[in-house]
Amino acid sequence: MTAQTVQQGDLVTVIGLEVHVQLETDTKIFCGCSTDRTDEPNENVCPVCLGLPGALPVLNEAAVEGAVKIGKAIDADIPEETRFHRKNYYYPDLPKNFQITQYDEPICQEGELEVSVEGDRRTVAIERAHLEEDPGSLQHVGGGGGIDSAEYTLVDYNRAGTPLMEIVTAPDFRSPSEVRAFLAKLEEVLEYLGVFDAERDGSLRIDANLSIIPEEEIESGDVTDIGAEALAAANRTEVKNISSHKGAEKALAYEETRQKNAIQRGRAVEQETRHWDESRGITVSMRSKEEEKDYRYFEEADLPPLQVAHWKDEISIPELPSARRERFQDEYGLNEEAASKLTSTKQVADFYEDVASEFDPDLAATWVADNLLGELNYRDMAITDLEGRFEEVTRLVELVAEEEITAKNARETVLRSMLDDEKAPDAIVEDEGLGKTDEDEVQQAVVAAIDENPDAVDDYASGDDGAINFLVGQVMQKTGGSADPGDVNQLLRAELEG
Amino acid sequence: MSDDIFITEETIHGDDDGPLAGTTVAVKDNISTEGVRTTCGSKMLAEYVPPYDATVVSRLKEAGATIVGKANMDEFGMGSTTETSHFGSTENPAAPGHVPGGSSGGSAAAVAAGEADVALGSDTGGSIRCPAAFCGVVGIKPTYGLVSRYGLVAYGNSLEQIGPFGETVEDAAALLDVISGHDERDATTHEVPIEDDASYADAATGDVDGLSIGVPTELLEGADEGVVETFWGAIADLEDRGAESHEVSLPSVEHAVEAYYVIAMSEASSNLARFDGVRYGHSSDAEGNWNERFAQTRKEGFGDEVKRRILLGTYALSAGYHDKYYKKAQDARAWVKQDFDEALSEADVLASPTMPVPPFELGESLDDPLQMYLADANTVPVNLADLPAISVPAGETDGLPVGLQLVGPAFGEERLIRAASALA
């Protein structure tokens with residue numbers, strides 16, 4: 001191949017994803033061992049997840065339930081019957097040296113997820129999503145740190161058998177930022193469904209396929225419509241070891257640049273698997289196509305085919321963010337921005353609806369979307385950090401709604417102190433003396449100020465109107481600043497004139 | 001004499017009372033026993049001590065049985081003579097100088113020699129029925145899904161079942177009563193209600209009046225003349241007691257041996273992958289990376305027959321060959337099932353010689369694996385069809401035991417027990 005100069009603009013990036021998410025279940029997918037994280041290696045293990053001779057898998061229905069929820073959320077086809085296969089390969093983290101997974105009859109097929117990318121709504125096709133078991137984890141000690149260069153390797157099977165859902169997208173992404181937006185959206189949906197915990201280390205793992213295709217290969221001129229032939233003709237790299245949506249964007253941006261540079265210099269892009277090295281910010285070659293594995297898939301006879309059709313009808317899923325966002329606009333009259341903020345996580349949305357059910361929805365929106373999320377964001381805190389304190393926030397909104405304290409004091413003093421000092425709102429109001437003073441108290445302060453300052457009274461009587469300001473100041477001091485200065489002015493005049 | 005029957009002689013006491021109190025049981029050494037080594041007749045597991053009991057072992061203990069030892073077997077169940085055991089061969093107590101059959105040869109020999117009242121074996125392609133026939137005892141291969149496989153070290157997991165041996169059909173049936181039934185640890189098991197809350201042992205009445213016996217002509221073709229003669233003698237006995245027999249056809253069985261070996265070896269290549277020396281079993285101390293260590297461990301730990309089957313199974317599942325072998329074998333399996341359904345619509349039970357030949361002499365068949373595979377022609381179709389079968393002594397030819405095999409419909413164990421109990 002002769003070197004050929006190609007303009008950067010003539011190249012189109014095509015990306016498809018395989019996303020592994022750990023499903024949140026109490027026990028593992030094929031045995032009763034706990035999925036809780038523990039520091040003690042090989043603690044949550046039994047004959048089944050250790051692959052001891054003679055042990056047999058039994059499917060955890062909670063994992064199937066999670067998979068059906070995901071299927072419904074991505075609007076996938078859930079078949080009448082689904083089945084498990086064995087994927088055969090040798091690796092020290094794999095207790096049986098085969099992985100129980102799904103092959104040609106996955107639990108979810110042909111779904112989609114709508115994503116907003118820089119204001120544009122895009123639909124990403126999801127080819128399939130299937131259930132499988134997670135392998136154990138390896139710790140390489142000494143040497144170069146890899147399995148082939150370490151002095152020795154330790155194996156921990158606590159993770160082995162954790163239920164995984166592998167979600168495979170069509171090659172529908174045209175940029176790393178689209179991938180990031182999709183993954184953020186996917187995480188949001190999964191958390192809404194209550195099947196996934198993003199905080200959990202290793203709960204999200206991504207393999208991404210990236211190819212660069214000359215623009216003229218695109219058939220219809222529509223950048224989202226790339227022919228299978230053009231795709232097959234281009235060499236692709238599979239990038240492994242990505243563990244977050246931010247990491248995905250970085251890894252793919254690196255890989256995109258690497259491939260475009262190669263093409264511009266007239267070099268061929270190797271079809272290969274590459275490893276994303278997060279700390280160095282680069283991808284490194286792992287193996288070339290020649291070494292691609294033959295997994296010898298065949299049916300797992302120990303698990304009978306599973307009839308899932310009725311599960312689909314029996315399992316309900318919560319309202320998803322996009323539907324909830326629209327309902328918030330209709331039902332509470334919110335603008336799109338506020339509705340989006342209030343549906344950013346399920347907890348925020350649930351909390352908003354709690355508050356809006358008791359108080360004015362606009363006031364609730366201001367308090368939850370602007371004040372609360374704003375102050376949390378400023379402190380790098382999340383709504384989850386307020387676990388167990390939602391009643392306190394509701395009480396604060398109540399104090400404002402009933403005009404017990406001013407909105408300004410509520411926001412600037414009470415809320416901040418609640419977050420910084422972890423104090424309850426009533427305690428803060430009392431300690432800081434922020435309660436709006438009642439009229440009797442103001443009246444008493446007015447009388448006292450007149451009694452205690454005969455000189456000022458005389459000055460006022462002799463026509464010095466400025467003396468009234470001195471007296472207002474005295475009353476304000478007595479009421480700790482909680483009285484309204486205008487009201488005080490009028491009360492003083494009434495008392496002096498009377 | 002008995003020193004070649006058990007790989008490990010160890011008494012495991014069960015509960016004080018129960019239906020098997022006072023009964024001694026030999027357990028095939030591929031059935032896990034907590035705290036007692038379970039070798040599968042292999043160097044690979046020569047020192048492996050399971051931390052848990054197989055479900056059938058728990059049920060034996062609860063029934064009050066006394067386990068007397070772990071019986072010899074072909075390595076990982078791969079053989080029909082018990083000669084592929086790493087621990088040496090077992091002589092047939094009923095035919096000195098001959099093999100006891102296999103792979104559950106030690107279990108059958110234990111019952112034949114009186115070393116145990118009853119025994120447990122496992123049957124992937126005939127591994128209970130072959131040794132039962134060769135040792136002149138009764139052996140039952142239950143319907144797939146009747147008995148829990150939890151704790152049975154897998155060879156061909158879509159084909160195999162644990163089943164009982166006894167001197168009489170009633171003894172074997174009483175053991176089946178204890179081990180059968182749903183197990184939450186084996187998703188392929190079923191709860192099978194039997195008529196009138198009766199037990200399998202109660203079905204051993206010997207009543208064959210009106211029983212219709214189909215004899216598949218294909219299963220007599222090529223069989224040893226003396227074996228065929230003994231077989232017809234046993235059928236005549238049953239007819240004297242009111243049964244009738246007629247010929248039926250199972251045209252698909254000519255492909256059954258090929259299909260069976262492709263499926264069993266494919267599954268074995270995956271089931272035996274876990275033996276890599278990391279967690280349990282033999283571990284090579286050779287130098288090298290993990291991959292080289294795995295390979296060396298397996299090279300040292302497995303015998304020739306096991307290696308042969310793993311290699312052939314790996315080949316049959318490989319890209320480019322999968323459709324030609326594995327998929328085709330699955331098609332043949334479906335065809336065999338269909339043939340049995342049709343034949344069993346024309347008869348209550350199907351009868352044939354269990355083995356087409358009398359017991360081999362020790363050492364006779366080791367050098368010719370293909371000849372050995374072909375001896376399974378009458379037993380493997382039953383595993384492909386997931387059906388129950390029983391082997392019961394039919395008599396002798398030249399002083400060597402001959403077994404009669406009866407095959408019934410799925411979960412038709414009672415019918416088989418009733419019929420077979422007319423003979424033993």
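A Cβ is built for glycine as well, from the same backbone N, Cα and C atoms used for every other residue.
Unlike curated records, TrEMBL annotations are generated automatically.
Bear in mind that the values here come from a model prediction, so they are computed numbers and not experimental data.
Noted in TrEMBL for the protein shown:
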- B:14-416: domain 'Amidase' (DOMAIN)
- B:Lys28: active site, charge relay system (ACT_SITE)
- B:78-108: region 'Disordered' (REGION)
- B:Ser103: active site, charge relay system (ACT_SITE)
- B:Ser127: active site, acyl-ester intermediate (ACT_SITE)
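A map of TrEMBL features onto the structure.
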residue  : record                               : Cβ within 10 Å
B:Lys28  : active site, charge relay system     : 33
B:Ser103 : active site, charge relay system     : 34
B:Ser127 : active site, acyl-ester intermediate : 36
DSSP-derived class (H/G/I helix, E/B strand, else coil) of B:Ser103 (active site, charge relay system): coil
Counts of helix, strand and coil residues, the region 'Disordered' (B:78-108), according to DSSP: 4 helix, 1 strand, 26 coil
Integer Å distance between the CA atoms belonging to B:Ser103 (active site, charge relay system) and the residue listed as 'active site, acyl-ester intermediate': 5
Stretch-averaged pLDDT - the domain 'Amidase' (B:14-416): 95
Distance from B:Lys28 (active site, charge relay system) back to B:Ser103 (active site, charge relay system), taken between C-alpha atoms, in Å: 9
